[in-house]
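Undergrad: Before we start, here is the structure in question, set down as structure tokens.
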Amino acid sequence: RAAQPPPDAPRQRQPVGKCGPEHRRRTVPSILRELAEKRQLSEEIVSLLQAQFSDLPRELHSWRQMADYSPEMRQFACFLHLYHIKAYDYLRKILPLPHPYSLTNWLSNNKAAAGFSSDIFLRLQEKVERGDQAYCYCTVLVQDMSLQKQQEWDPQTKRLTGFVDLGAGILDADEAPLASEAIILMAVGISSPWTAPLGYFFVNSMSGHFLAQLLRQAIHKLNNIGIVVLAVTSAASARGAETARALGIRTDPKRIQCTFQHPPRSAHSIAYFFDVCHALLLIRNAVQCFQKVEWLRDTVWWQHVVELAALREQRVLEPCTPESGRAGSKGSYHLKVNPATLLFSEGVAEALEHLQKLGLASFQNCRGTVKFVRLMSSLCDIFYGRGFYGKEPLLAGNYTKIRNLLDEANSFFVNLTDSVGRYVIKSKRKLGFLSFLLNAESLKWLSSNCMCPGGTPSHHLHTHAFSLDPLEQFLRALQQACGSSGSPTCTVFQAAYHKLVASCSLAPGSPHGGGNASPWDTALSRRRDLTLGSIRAQYHPAPARSLAPEYPYRAGLLLPSSALSNALTDLSLYTRSLTCTAGWVAEQLALDLECEACLASLFEADESRLRCRSVLYIKKLGGVSLPSASVHHITSISEQVLNCYGKVGGANRNTKLWHLSLEQKVFQELLGKSPLFPTLKSHLFEGDLSINNHYTILVKKITRCYLNVRTNPAQHVNLKYPCGRHRLKRLKGKHCF
């Protein structure tokens with residue numbers, strides 16, 4: 001900082017250029033206009049500063065005589081620093097503005113106000129001071145959430161709300177814009193899966209430079225309480241790339257710079273990551289646009305993926321063998337693609353190889369596609385902690401096993417070309433590939449600098465902490481607390497944020513208050529656009545869900561309101577009806593389930609053909625998929641409960657409360673019985689210890705769907721009684737009583 005002359009210094013001793021009338025007439029507004037003319041500040045920012053801070057002293061000597069910073073001066077300094085650091089540094093040479101890191105306290109607030117949450121930082125500091133090593137190292141995540149532009153009156157503060165607020169006060173001048181986005185920051189443990197929402201900021205427009213300054217303020221505040229930030233993660237987007245550049249990150253494949261110094265020009269470095277889910281979407285879009293990409297002697301064809309996703313259900317005749325014990329018969333299995341399968345997964349690679357072995361013409365010469373999908377699947381396993389949901393950390397001992405894979409991916413992405421020989425890494429579809437290259441270098445750097453045996457901050461890393469999944473889970477809980485699916489107003493956002501932070505526990509693995517979604521389901525939902533079902537919807541949009549009038553009878557579905565059902569005494573017909581209804585329930589649930597393993601568990605499948613769940617061999621009867629034994633058992637118990645308690649309730653039947661009471665009785669009947677879905681084993685309870693694990697979700701959905709179709713048949717099928725006698729095939733096997 002340049003030394004300033006004392007106020008009483010003789011004017012004749014100053015340089016001639018600085019003692020003339022023009023220098024004495026310089027004011028704060030004139031300096032701002034000079035910066036605008038030099039294009040160091042935008043006209044929009046200058047106009048807003050002049051309108052919002054019109055009461056600030058205009059003369060320079062008035063600023064020098066002020067002993068304390070007024071609230072307006074604090075607000076002016078914070079706004080100028082975050083939006084344009086170079087202009088702030090220039091004004092610091094003229095005005096007595098504080099050091100940038102002194103602004104951190106001015107950007108902090110209590111309760112639900114915008115800015116850094118003082119309460120969260122205080123609770124983190126207490127854990128660090130107690131010697132809890134799990135809270136000494138973290139990564140910082142940043143994400144935005146859209147807001148509804150709306151000006152509202154706050155009767156408590158007696159002020160207008162809905163404007164830009166960076167924590168130092170609301171910019172509520174007539175010329176001030178309304179806030180359109182909320183920036184949310186979160187700290188996530190690297191060696192232990194704890195999460196802490198650090199605060200939020202209302203903005204109208206932002207740049208990568210703005211986010212970079214906000215991240216530096218968050219890192220500085222965490223460092224002040226004894227927490228070391230090892231990494232930063234943002235979205236793989238244009239704004240995220242601009243933020244990385246503003247921090248000093250370089251993504252040029254020939255000279256990647258994966259770390260930045262904080263404070264600037266210091267010895268401490270921080271790694272930078274792009275969100276893996278966003279990067280995968282960009283890579284999918286790139287391959288889809290190019291249709292064909294080549295690497296050395298291998299060719300990746302997008303059409304292979306399209307053909308797999310659009311593969312229609314096909315009947316596969318099983319030849320008679322002595323081992324089958326069914327001489328003179330053929331199996332009736334149907335080959336079906338699991339729409340919940342992720343594109344970049346080992347399941348898709350195995351499915352392509354399996355269909356190629358079957359001789360299907362559309363899947364010949366798919367070796368390059370299989371290799372590419374398998375490579376991407378392995379990278380996902382690395383960056384999601386070798387288990388897709390970060391269950392297994394990256395240990396110092398197993399790092400050497402994945403370094404070769406990271407090097408192979410680097411070679412693959414750098415040499416990937418399109419159909420005319422142009423390098424993809426230099427095309428307009430390069431950001432997804434560059435994101436993985438940067439993430440690989442950042443992971444190598446962390447492994448080399450933060451996992452050494454001597455003096456190490458952490459012997460293992462949860463790579464799941466380098467994705468935006470923890471922050472996305474918080475945002476989903478926040479959206480649920482807002483009470484609407486659309487963009488909330490600033491007032492609604494603040495109330496919901498205060499509710500979540502008040503019930504937020506910093507304990508590892510604890511869910512955010514008010515949120516029902518587990519981390520597992522949040523990860524699945526974020527990757528919905530990466531499933532085979534989403535690709536199928538792009539090329540073959542699904543028609544409206546409707547059933548033919550004769551479907552219930554063709555499938556053997558007998559409803560209680562029909563006269564035939566009341567007079568039915570044949571137990572075999574009852575069994576057949578129940579099985580077909582359970583199959584119909586399984587098909588309905590398969591339309592919306594996002595978990596590949598859970599969807600596969602709904603049907604009776606021939607597991608001996610293909611062990612992966614991306615391609616299923618399902619048995620059918622009368623056009624209906626046969627359900628798995630677990631689905632059949634749940635619907636059987638639901639039918640028993642309905643028969644016992646269906647008449648209870650009188651006029652209150654078919655109400656939500658009545659249905660909930662039936663569901664509760666079904667759960668009671670299932671307790672203590674033989675375990676359901678044995679093929680899934682630990683999958684049902686993996687990733688979440690709350691009641692909303694995949695076991696309870698499956699049972700709840702099956703029970704609810706079955707009770708709905710049994711008690712409200714008109715809402716599900718268009719019932720008509722066609723003339724004639726309906727043929728009902730006899731069901732053989734384990735589904736018969």
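Using the three backbone atoms N, Cα and C, a Cβ is placed for every residue, glycine included.
Automatic prediction, not curation, is the source of TrEMBL annotations.
So TrEMBL lists these for the protein:
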{"type": "REGION", "residues": "1-23", "note": "region 'Disordered'"}
{"type": "DOMAIN", "residues": "34-106", "note": "domain 'THAP9-like helix-turn-helix'"}
{"type": "DOMAIN", "residues": "114-248", "note": "domain 'Transposable element P transposase-like RNase H'"}
{"type": "DOMAIN", "residues": "277-392", "note": "domain 'Transposable element P transposase-like GTP-binding insertion'"}
{"type": "DOMAIN", "residues": "464-498", "note": "domain 'Transposable element P transposase-like RNase H C-terminal'"}
{"type": "DOMAIN", "residues": "562-721", "note": "domain 'DNA transposase THAP9 C-terminal'"}
Undergrad: What does the DSSP secondary structure composition of the domain 'Transposable element P transposase-like RNase H' (114-248) look like, as residue counts for helix, strand and coil?
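TA: Summed over the domain 'Transposable element P transposase-like RNase H' (114-248), the classes give 42 helix, 48 strand, 45 coil.
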Undergrad: Looking only at the domain 'Transposable element P transposase-like RNase H C-terminal' (464-498), what are its DSSP counts of helix, strand and coil residues?
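TA: Split by secondary structure, the domain 'Transposable element P transposase-like RNase H C-terminal' (464-498) comes out as 26 helix, 0 strand, 9 coil.
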Undergrad: Could you put numbers on the helix, strand and coil content of the domain 'THAP9-like helix-turn-helix' (34-106), residue by residue per DSSP?
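TA: Across the domain 'THAP9-like helix-turn-helix' (34-106), DSSP assigns the residues as follows: 46 helix, 1 strand, 26 coil.
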